[in-house]
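Q: One structure coming up, written as structure tokens, with questions to follow.
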């Protein structure tokens, strides 16, 4: 059965356009209540990021769930991984996050978590879509769901985050700059690090409903770099709007992406005998990560892009650690989903345990130069036809020949936007950039003619 609304990371779109409308949110809440409540205790947790539209969608979801006879706990602005955690601790049937992650304020979305704090299985998402096609029928008045606000949600999550590093680990000698992207972590992230003893300089922590991710957070580390250098900080931590991504900056102002953070954590876990198997990356993971892990005898597998697929492969293998270069890191020995704060804590704890600065820890991996270009596509272009077009296949074949087995070429359509992503990596940056431009031009030419 084809999906109509759910993508690789829930439902997402421009506010005011289907499906991101109040009436859709009302129907979604009702449909979700009908499907999810019978699978557990009839309770659903709702959290959101700091977008102004979140309040509108929260009310609509609440009404729909209540009409289906489902009780609700409202967390208010709270990171996505906090919703996953609190869904588990409340023994709820499901959790819903109102967020569009790293997108601008005018987008929003709905992410769902199972009772275990993981993404919903495909069959459950399809069941919700099937219910969406039915007219809303409100339960009897005596059975209408009740909504309550959870006033101590932030404190519960802060304590959980602190519990993910060894007892006795403290950051009293660390000065940190934390960029909250004017998003859902603005209140909790600085508190986590401060309570562990660090001196914290918070930036991107003044949300107004419209500035989420605006020149801030993990997609815009330039402000964090400048602040780390100006403050002479030991490290910088950049989170995205909903708090599930992490980008780091070392004390010299150099940016570390998710691959580098994942490598640091993996090698430290392996050294402790606590890795629990291999590591899962994605098709976009840097070749340097794979080589660094394999040099230490650590198995490495690539999943499709998206933390959902990393999670699926980890579960299939029975492994505990995986992630994406974008900064989604899954530490399943600590939590059930990607968590930027928890991932940052793991790296900082390694810094403290080894006495090595971040600029030294990052040397465990030598990154290959990598270029990623996004080619906009018009609505009439079939993705499969584009990938199989003769001109595109010839450009890829020529690129692979030029790289000579010391690099990779990857073309993949975006799961959330009308884009074709062109990724090229190899040993020489100029060559990589030139090859990426040539392939992107071939894709653009075929797409334009198809439109």
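Cβ from N, Cα, C; glycine included.
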Q: For the Mg(2+) site that Swiss-Prot assigns to 240, 242, 244, which of the candidates 93, 101, 114, 388 is also assigned?
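A: Record check against Swiss-Prot: Mg(2+) site with 240, 242, 244, extra candidate from 93, 101, 114, 388 is 101.
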Q: List the residues of the same chain that sit at least 6 positions away from residue 242 (Mg(2+) binding site) in sequence and have their Cβ under 8 Å from its Cβ, in sequence order, or write 'none'.
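A: Residue 242 (Mg(2+) binding site) has long-range Cβ partners 49, 79, 80, 97, 99, 101, 102, 183, 184.
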Q: If you skip the near sequence neighbours and keep only those at least six away, which residues in the chain come within under 8 angstroms of residue 244 (Mg(2+) binding site), Cβ to Cβ?
A: 79, 80, 81, 101, 307, 328, 337, 338, 339, 340
Q: Other than 101, 240, 242, 244, which residues of the chain come within 8 Å of the Mg(2+) site, judged by Cβ distance to the Cβ centroid of those residues?
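A: Surrounding the site, in chain order, are 49, 79, 80, 99, 102, 183, 184, 239, 241, 243, 245, 340.
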Q: Just to confirm: which same-chain residues, 6+ apart in sequence, have a Cβ under 8 Å from the Cβ of residue 240 (Mg(2+) binding site)?
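A: Listed in sequence order: 101, 102, 181, 183, 213, 217, 218, 219, 327, 340.
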